[in-house]
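A.B. asks: So TrEMBL has the following annotated:
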BINDING   G170, R171, S172, I236  NADP(+) binding site
DOMAIN    7-122  domain 'Tetrahydrofolate dehydrogenase/cyclohydrolase catalytic'
DOMAIN    143-292  domain 'Tetrahydrofolate dehydrogenase/cyclohydrolase NAD(P)-binding'
Amino acid sequence: MPQAQIIDGKAIAESVRQEITNRAAKLLETSGKRPGLAVVLVGEDPASQVYVRNKDRAAEACGFHSVKHTLGAETSEADVLALVEQLNNDPEIHGILVQLPLPGHIDESKVLRLIRPEKDVDGFHPVNVGLLTAGERDSALVPCTPAGSLVLLKRTLGDTLSGKNAVVIGRSNIVGKPMASLLLQESCTVTIAHSRTRDLPDVVRAADIVVAAVGRPEMIKGDWIKPGATVIDVGINRIPAPELGEGKNRLVGDVAFNEAVDHAGAITPVPGGVGPMTIAMLMVNTLTAARRLLGLPDEEPLF
Ligand SMILES: NC(=O)C1=CN([C@@H]2O[C@H](COP(=O)(O)OP(=O)(O)OC[C@H]3O[C@@H](n4cnc5c(N)ncnc54)[C@H](OP(=O)(O)O)[C@@H]3O)[C@@H](O)[C@H]2O)C=CC1
Ligand SMILES: Nc1nc(=O)c2c([nH]1)NC[C@@H]1CN(c3ccc(C(=O)N[C@@H](CCC(=O)O)C(=O)O)cc3)C=[N+]21
């Protein structure tokens, strides 16, 4: 079995961001408007700070108007809701993202439901979840990580997803469930696995496409992968890396990459796979939201 093709999420994300930069420049030319993205970070979670910084930088690089609101961990729920309301009504802002997780004293779903669906560039609002589930993907805003994972699958497999067995491991609202929706709409036969699934290795062995979104480092072993299957590893886990020095850690995915490369036909690396795509698809959603709020038709979808 030849070693798996490594799916270069970094390069594909860069090509998507380039396309968005071009489209935003044209929008500026024709309408004098820049897409506006507001990212809200509450608390000091280090990983969230990295992601929010990446998002802010990507938006700037795409020529967007980008605003970062950083609030202290003790900020009241009322203050967060008031900021969301202010952003809902800000004509310069077309996309709002409230970085998760929020501190425990704040009701996440209350905050997410307050975001105007048209500005919900995470695609977490029930209106967008409903549109996606109902198959009205073209009028929804689709969650960035599942959308990015689908772009990687299509760039790797072309339009051959129909009829393939797909196993999504994980059923979260931000990855697993919307990922399963997207794969179903591509006419895959979709299995959603979770912590109560029995005989998980055998379930995974039946899959032509595996999407791992569990949050457990290197849980999915190489011999769980059907020879030639395509593996999308969403997991981002920081594990101690003493070889890099005292107290150092490194990123690994949910898949035991070094084993899986000997079984898979194609696989995403961590880092450099799904992560950059999440950022790229946030740019896509922000431009889409801006055009719709400006009363302009959607452009050619990227997936
Ligand atoms: N690259 C990117 O852009 C992004 C990466 N991530 C990463 O993806 C991973 C998943 O995140 P998220 O979707 O928020 O997941 P959650 O932590 O919300 O949920 C984890 C899911 O995995 C399932 N699970 C846990 N243990 C097992 C097990 N032993 N066997 C099978 N299923 C199991 C859980 O099952 P149950 O429902 O039964 O509890 C749950 O559905 C994390 O590592 C996160 O960092 C997340 C978002 C974006
Ligand atoms: N409202 C909300 N929306 C999100 O989309 C959201 C969120 N909250 N909370 C957390 C998760 C996680 N997430 C990532 C974004 C970028 C990388 C990313 O850029 N990863 C790089 C590495 C970055 C690093 O160095 O850690 C890579 O995988 O190559 C990873 C993970 C978005 N999330």
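Cβ atoms here come from the backbone N, Cα and C positions, even for glycine.
All TrEMBL annotations are machine predictions without curation.
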A.B. asks: Work out the three-state DSSP category of G170 (NADP(+) binding site).
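C.D. replies: Coil, per DSSP.
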A.B. asks: What same-chain residues, at least 6 away in sequence, bring their CB to under 8 Å of the CB of S172 (NADP(+) binding site)?
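C.D. replies: Those within reach of S172 (NADP(+) binding site), by Cβ under 8 Å and sequence separation of 6 or more, are A213.
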A.B. asks: I'd like the Cβ neighbour count for R171 (NADP(+) binding site), meaning other Cβ atoms within 10 Å of its Cβ, all protein chains included.
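C.D. replies: Looking across every protein chain shown, the total is 18.
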A.B. asks: Give the residue from the binding-site residues G170, I236 that has the most other Cβ atoms within 10 Å of its Cβ, counting over every protein chain displayed.
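C.D. replies: Within the set of binding-site residues, the most crowded position is G170.
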A.B. asks: Provide the three-state secondary structure of I236 (NADP(+) binding site) computed with DSSP.
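C.D. replies: Assignment for I236 (NADP(+) binding site) reads coil.
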A.B. asks: So what's the average pLDDT for the domain 'Tetrahydrofolate dehydrogenase/cyclohydrolase NAD(P)-binding' (143-292)?
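C.D. replies: Averaged over the domain 'Tetrahydrofolate dehydrogenase/cyclohydrolase NAD(P)-binding' (143-292), the predicted model reaches a pLDDT of 97.
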A.B. asks: Please work out the helix, strand and coil residue numbers for the domain 'Tetrahydrofolate dehydrogenase/cyclohydrolase NAD(P)-binding' (143-292) from the DSSP assignment.
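C.D. replies: In the domain 'Tetrahydrofolate dehydrogenase/cyclohydrolase NAD(P)-binding' (143-292), the DSSP-based counts are 59 helix, 30 strand, 61 coil.
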A.B. asks: Which numbers of helix, strand and coil residues does DSSP report for the domain 'Tetrahydrofolate dehydrogenase/cyclohydrolase catalytic' (7-122)?
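C.D. replies: Its residues divide into 61 helix, 19 strand, 36 coil.
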